[in-house]
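Listed in Swiss-Prot for this protein:
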ACT_SITE  Asp57  active site
BINDING   Lys26, Gly27, Gly28, Val29, Gly30, Lys31, Thr32, Thr33, Glu239, Asn266  ATP binding site
BINDING   Cys276, Cys279  Zn(2+) binding site
Amino acid sequence: MDIEAEPSLRSIVNHESLKWIFVGGKGGVGKTTTSSSISIQLALHNPNKKYLLISTDPAHNLSDAFNQKFGKDARQVEGLPNLSCMEIDPDSTLENLQKNNESTFGSAGGNDPLKSMMGDITGSIPGIDEAFSFMEVLKHIGETKENQIKYDTVIFDTAPTGHTLRFLQLPSTLEKLLGKVNELSGRFGPMLNNLLGSQGGQSIDFASKIKEIQVQVTEVNKQFQDPELTTFVCVCISEFLSLYETERLIQELMSYNMDVNSIVINQLLFSDDSECRRCNARWRMQKKYLDQMDELYEDYHLVKMPLLAMEVRGLENLKKFSKYLIEPYNSETDGHVVFDLEEQ
């Protein structure tokens, strides 16, 4: 690119059509703070739109970040009416599915072949927990009875990099899986319906149900590869391992044809004239990797965020911090923010 990319996420906040925003990176680099900050800026700049921030990280830090309890159902952020949050628990989602299977298939004791078959399926597919978490997400962003979309944009606070990549494979994985199940249901669906009926279960049209899910997943897969609808924001710190992980993540995202052109670099010291020798040494180390990133990602939006004296917790503190995603931080004029946050 001939024009240097602005060192902010303003293009994301002002984007009119984005429906999916993923935020991910190595563990411990500030993904939750960044995803929360992006969500807040979106909500503040676009008050007529509705946003949903979802944690797919088993650690679930959204409740801690906002100082408000969130769970598996979307809940509005107190003080920000057009932003809601939810925390998806993959293990819990899978357990609920298995319980639903029991109620649907009935119970014929420990040797029930249908229960055994479902157990084998749910236990043998890699990433099955993320798969059903993803289906849970689709339920929450669907249309209401009045045919109005519940949320304009969904922001994902993802698990550490490996889990993120597995989550992003889900649309194509589910598409292949559902195609196979659809094939089997055509051969065995009537037999299963009869068997379920004889066990007291409800008759189910397997083929139509699978087709319904398959259409939905195929559509989402297309949206993930459309830069007008989906983008990924990488989060890192200025250290070797984090830089290496970020490059690996970007290459993987490109292989999925997913748009990625923004990197948030957290925990920067911005100082080499302090009396703190340790701080100066660390800044010199950070500066070395920052220079590498400036060269390697010259056409990316590189957003450089300061290391603060306190944790960024609570809506008001997140608002203060998040504005530097839009207005680039200047250590000479904005240095006070490092100590300005209120203790939570």
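Every residue, even glycine, has its Cβ placed from backbone N, Cα and C.
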Quick one: largest C-alpha distance among Lys26, Gly27, Gly28, Val29, Gly30, Lys31, Thr32, Thr33, Glu239, Asn266, binding ATP per the record, in angstrom?
19
Counting other Cβ atoms within 10 Å of each residue's Cβ, which of the recorded positions Asp57, Glu239 comes out lowest?
Glu239
Find the shortest Cα-Cα separation between Lys26 (ATP binding site) and the recorded positions Asp57, Cys276, Cys279, and name the residue that gives it.
Asp57
Please name which of the recorded positions listed here, Asp57, Cys276, Cys279, is nearest in space to Thr32 (ATP binding site), Cα against Cα.
Asp57
What subset of the recorded positions Gly30, Asp57, Glu239 lies within 10 angstroms of Cys279 (Zn(2+) binding site), using C-alpha positions?
none
Could you tell me which of these binding-site residues, Cys276, Cys279, has the greatest number of Cβ atoms within 10 Å of its own Cβ?
Cys279
Say you check the Cα of Cys276 (Zn(2+) binding site) against those of the recorded positions Gly28, Gly30, Asp57, Glu239; which is nearest?
Glu239
Identify which of the binding-site residues Gly28, Gly30 has its Cβ surrounded by the largest number of other Cβ atoms within 10 Å, counting every protein chain shown.
Gly30
Other than its own, how many Cβ atoms are within 10 Å of the Cβ belonging to Lys26 (ATP binding site)?
22
